[in-house]
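See below for the structure under consideration.
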Amino acid sequence: MSKAGGNDSKSTLYCSFCGKSQHEVRKLIAGPTVFICDECVELCMDIIREESKSSLVKSRDGVPTPKEIRRVLDDYVIGQDFAKKVLSVAVHNHYKRLAHAAKHNDVELAKSNILLIGPTGSGKTLLAQTLARILDVPFTMADATTLTEAGYVGEDVENIILKLLQASDYNVERAQRGIVYIDEIDKISRKSDNPSITRDVSGEGVQQALLKIMEGTVASVPPQGGRKHPQQEFLQVDTTNILFICGGAFAGLERIISARGKGTSIGFGATVQAPDDRRTGEIFRNVEPEDLLKFGLIPEFVGRLPVLATLEDLDEIALKRILQEPKNALVKQYQRLFEMENVDLTFQEEALTLVARKAIERKTGARGLRSILESILLETMYDLPGLDSVEQVVIGPEVVDGKARPLYIHGDRSKDAPASVSA
């Protein structure tokens, strides 16, 4: 590998693909008779990644196998094997339903909507976002916390179908074969077990409104959002073949599950129950529909979600893998940012272990990793553009603990020293 160097125009090397000189690129790789720059290598990798996606959706008459879907999910999501299998099978069956409906009409295959339950930061939303990358059907994500009953301030449930239409460029036929992910579904649980004279417009009312579109109905969707344009023409969208995936953290559900089956008594003969010391993800494995009813979901809504997948808590090992292994791993992202300043960013193994421990202490799962790294690298990213001689930045465990500054390695290796910025 040859780096840019030398000012003699006769000895200047050029990339054989894009024509840039060795002075215009970071690195130039030499072959027997040709050269290729780092930018062209990146472009080639992007092309290969796109082709691998297209080969996925063309296998077996356009129906990707569960293993193929799982393989792509593994590239971005660490752990959660059970949830990946459930999603892979569900999406595979969704494709098969669509193919079957187009060829046969003797047996009607019903869809199986999915409910994902897992602690915060366990990867529910990331799984859905990763599915969106690999599917050849329209995909949209909605937030249940913004939904209200029709006629109240907030979004109507029909807006979910509108987003799916927008994702399909208003092609109704394609939208009717799409997949919808509704996040924060636990936030629309019934606010109380007892009926109330006041309407629960963002809880049970939204569940009631979602029932029809999840089961299958012809929804009238205003293409511009109905409330501000009441006179517009409505589009008719059949939701029968739209797959719905719902996800939520369901905070407090673990207590309902743990309490199930434990007899309660008072007085001298009462049985003292030991506290359940299992992790939240372990408790979620034993969830039953009756637990969801006690949590606040109405029976009809639970019945529309026959497939249930639970996600595990992420332990220290999994969080370290999340930092380093996926294609969009946080460490790789920050290393790329530093490469733009011609600086190599290195994390010591003990430092990554401490970052994972901090995320566990905060109980934010993988979602908390970015904020931890941002706080660690803030001063360095602020100072780096003005430091021309720095070639490498090393993050050790003391930096994560806030007891030291990152180690700056300058172009002159004899100048290895901590950052010159004062505390």
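Glycine is no exception: its Cβ is also placed from the backbone N, Cα and C atoms.
What Swiss-Prot annotates here:
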BINDING   C15, C18, C37, C40  Zn(2+) binding site
BINDING   P119, T120, G121, S122, G123, K124, T125, L126  ATP binding site
DOMAIN    3-56  domain 'ClpX-type ZB'
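Taking CA atoms as the reference points, T125 (ATP binding site) and C18 (Zn(2+) binding site) are 39 Å apart. Each of the binding-site residues C15, C37 was ranked by the number of other C-beta atoms within 10 Å, and first place falls to C37.
Taking each of the binding-site residues T120, S122, T125 in turn and counting other Cβ atoms within 10 Å of its Cβ gives the largest count for S122. Taking the Cβ of C18 (Zn(2+) binding site) as centre and 10 Å as the limit, one finds 13 other Cβ atoms among all the protein chains shown. Among the binding-site residues listed here, namely C18, C37, C40, C40 has its C-alpha nearest to that of G121 (ATP binding site). Within 8 Å of the Cβ centroid of the Zn(2+) site, not counting the listed residues C15, C18, C37, C40, the chain contributes S16, F17, G19, K20, V25, L28, F35, I36, D38, E39, V41. Cα-Cα distance from P119 (ATP binding site) to C37 (Zn(2+) binding site): 44 Å (rounded to the nearest whole number). Other than P119, T120, G121, S122, G123, K124, T125, L126, the residues of this chain whose Cβ falls within 8 Å of the Cβ centroid of the ATP site are, in sequence order, G118, A249, L311, G365, A366, R367. S122 (ATP binding site) falls outside any helix or strand according to DSSP and counts as coil. If you take the Cα of T120 (ATP binding site) and the Cα of C15 (Zn(2+) binding site), they are about 47 angstrom apart, rounded to a whole number. Among the binding-site residues G123, K124, L126, the residue whose Cα lies closest in space to that of C37 (Zn(2+) binding site) is L126.
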